[in-house]
Amino acid sequence: GTPQKYDPTFKGPIYDRGCTDIICCILLVIAIVGYVVVGVVAWTHGDPRKVIYPTDSRGQFCGQQGTPNEYVSRLAPIAHCRLGIAGETITLGCCTPRLRDGQLALPICVSKCPDRYQTYLSAYGSRTPSELEYYRQFCVPEFKNLQKAPIEVLKDKECPAMIIPSTPLARRCFPAIRAKKGVIMVGNETTYDDGRGRRRNVTELLEGAKKANVVLETRQLAMKIFEDYTVSWYWIIIGLVIAMVASFIFIVLLRFLAGIMVWVMIVMVILVLGYGIFHCYMEYAKLKGEAGSDVSLKDLGFQTDLRVYLHLRQTWLAFMIILCIVEVVIILLLIFLRKRILIAIALIKEASRAVGHIMMSLLFPLCTFFLLCLCIAYWASTAVFLSTSNEAIYKVFNESACQFSGQTCKPETFNTSNVTKLCPDAQCLFAFYGGETAYHKYLIVLQFFNVFMFFWLANFVIALGQVTLAGAFASYYWAFKKPDDMPAFPLFSAFGRALRYHTGSLAFGSLILAIVQVIRVTLEYLDHRLKAADNKFAKFLLSCLKCCFWCLEKFIKFLNRNAYIMIAVYGTNFCTSARNAFFLLMRNIIRVAVLDKVTDFLFFLGKLLIVGSVGILAFFFFTQRIKLVQDTAPPLNYYWVPILTVIVGSYLIAHGFFSVYGMCVDTLFLCFLEDLERNDGSAEKPYFMSPDLKKLLKKTNKGQPDA
């Protein structure tokens with residue numbers, strides 16, 4: 001590309017600018033309107049109760065106010081089904097009636113789960129009103145005649161043949177299976193009466209209830225974790241505040257210690273490599289004269305036990321040669337790139353000054369975080385409403401042969417239809433949620449649109465934050481007398497310019513990134529579906545595509561980031577800004593590589609230092625190893641719960657601070673490169689860079705004192 005030329009009217013971020021990429025702005029507005037329409041349609045047709053509340057065999061919710069089952073909030077099977085209790089009620093939403101062992105499992109709503117073994121025959125035979133009345137709550141609501149013959153009751157499927165002890169979970173009843181000394185038990189029994197005169201082993205319930213037990217154990221774990229949070233939440237907040245203060249202090253210290261930290265880092269790398277060379281030489285010398293140590297790698301061939309290679313002198317010689325080459329390369333790079341490393345250090349110091357003059361920039365990520373939370377909330381709620389937009393589908397179920405079995409039916413007209421005449425034992429029961437209308441056919445398209453819009457809006461919010469920060473920090477760099485020539489509110493001014501003039505450009509850049517991300521999600525979905533397949537070529541091709549699109553996403557993020565900086569400074573459209581930024585970086589590729597790696601490593605050290613320090617402090621506190629506050633630490637079920645929370649929270653806080661700092665460094669770097677191309681230090685074309693950078697580059701502003 002052509003280097004930038006001097007422009008006497010350019011004094012930093014251009015205020016007299018026009019709207020850019022208007023077509024993309026219009027597309028974004030139309031897409032948002034369409035997204036709102038999709039949300040309204042989903043909220044009109046959807047019903048989240050299908051996820052929250054279980055559904056009985058008639059399609060009615062259990063425990064939902066305003067329904068016939070308002071006071072019966074749990075789901076249980078009505079007929080004997082060996083695996084029906086767990087197999088049918090484990091899934092959220094609905095329970096599909098199925099034939100198991102010749103019996104039809106019909107879920108009903110009950111007020112509480114069974115707490116005992118009992119058969120209908122034993123309850124009826126006891127002639128104790130309380131026993132039969134207890135059993136009646138697990139029968140269909142229409143069952144009132146307690147004097148009806150048991151054989152007729154079971155034939156009409158009005159009551160289950162047997163009940164077993166169950167545990168409530170997520171409004172559903174699961175077999176209370178537990179292991180005692182290696183013996184599987186339900187309640188306190190190892191066998192049960194199936195209601196038909198046969199004794200069965202409880203292990204027959206195990207396969208169907210396997211997932212239920214996992215869920216039960218997960219619930220117990222979740223309850224303990226919740227208890228830990230209730231007694232340690234304020235200490236967790238204190239830990240996060242400490243992480244915030246530490247992050248702020250680290251950024252302030254970078255202004256004064258950036259040079260020392262970089263050089264210490266470089267020296268440590270050289271020393272580590274030097275020790276590696278020394279260790280390899282000692283191992284090489286120690287193996288001299290040992291039997292089998294002089295065998296060559298070629299003669300040994302490939303061995304699955306890699307430890308065999310460590311007993312060969314040739315292995316350690318190869319390691320020593322590789323480390324020597326790396327050491328020499330690093331030393332040569334330091335010799336030839338020492339000036340560029342000094343420039344990187346100076347820019348890092350300058351970034352600390354810029355952040356110090358625009359302190360509000362450290363709080364701006366909270367605004368981005370809030371907008372991202374809105375995007376996530378809207379996407380999640382729309383996805384739930386879309387997934388629950390299906391209608392209740394009823395089908396014909398029967399135990400004997402019937403030509404209408406499995407066909408769709410309507411409960412309102414089923415009793416008067418020909419089906420009941422031809423198949424007397426047939427029933428019209430709730431099967432699943434679905435639909436045959438055009439809306440239901442295109443639900444998958446609406447879900448895809450929902451995912452796409454989430455990526456687009458989320459990337460747009462991130463882009464808005466980057467342009468705002470870039471505009472604020474650019475106004476600092478291009479102020480000749482810092483900070484006197486800076487605008488009064490640089491952050492708010494940059495935010496206003498971004499929204500007023502460059503919504504289209506931000507939409508353009510985020511749209512490109514969203515398309516690539518949606519393709520990546522689709523590839524991940526296909527990869528998940530192909531895991532069971534045995535097509536190696538398809539798997540290889542898919543892996544290659546995933547790798548390529550991962551690289552493409554990283555490149556687009558890098559290009560977008562620098563394009564947004566140029567948009568914030570010059571007010572040009574997205575394509576022009578991306579092209580100018582790319583060519584500017586390519587003209588200074590060595591400086592870019594050095595600065596990028598130096599700053600990345602510094603930020604990594606900063607995050608590691610903050611997260612590690614706060615994490616170690618949290619570990620010693622919550623494990624009661626600090627004697628001064630030993631009695632203050634709360635009693636916990638799992639001490640790792642608050643520790644991990646503090647560590648993850650500290651990382652997010654540190655990442656938020658360093659993301660601002662990273663954007664500042666990138667913005668100042670691009671402005672610095674522009675400054676070098678536009679100006680020459682004369683009275684007509686003075687440099688805008690700081691005195692430290694001018695001194696480092698041996699540049700001066702002739703005839704003017706340094707700011």
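The count begins at 1 with the first shown residue.
Using the three backbone atoms N, Cα and C, a Cβ is placed for every residue, glycine included.
The feature transmembrane segment is assigned by TrEMBL to 21-43, 233-253, 260-278, 316-337, 358-380, 453-478, 499-519, 563-586, 598-622, 638-658.
With a threshold of 8 Å between CB atoms, the same-chain residues lying at least 6 positions outside the transmembrane segment (563-586) that come near it are 1-2, 4, 12-14, 17-18, 20-21, 24, 463, 466-468, 470-471, 474, 478, 494, 497-498, 501-502, 504-506, 508-509, 592, 666-667, 670-671, 673-674, 677. Relative to the transmembrane segment (598-622), the listed stretch 260-278 leads the set 21-43, 260-278, 358-380, 453-478, 499-519 in CB pairs under 8 A. Among the listed stretches 316-337, 453-478, 499-519, 638-658, the one sharing the most Cβ pairs under 8 Å with the transmembrane segment (21-43) is 499-519.
Counting same-chain residues at least six beyond the ends of the transmembrane segment (233-253), those with a Cβ under 8 angstroms from any Cβ of the stretch are 352, 355-356, 362, 606, 609-611, 613-614, 617-618, 621-622, 633-634, 642, 645-646, 649-650, 653-654, 657-658, 661. Counting residues 6+ beyond its ends, the transmembrane segment (316-337) has Cβ neighbours under 8 Å at 266, 269-270, 273-274, 276-277, 280-281, 283-284, 287, 297, 310, 590, 594 in the same chain.
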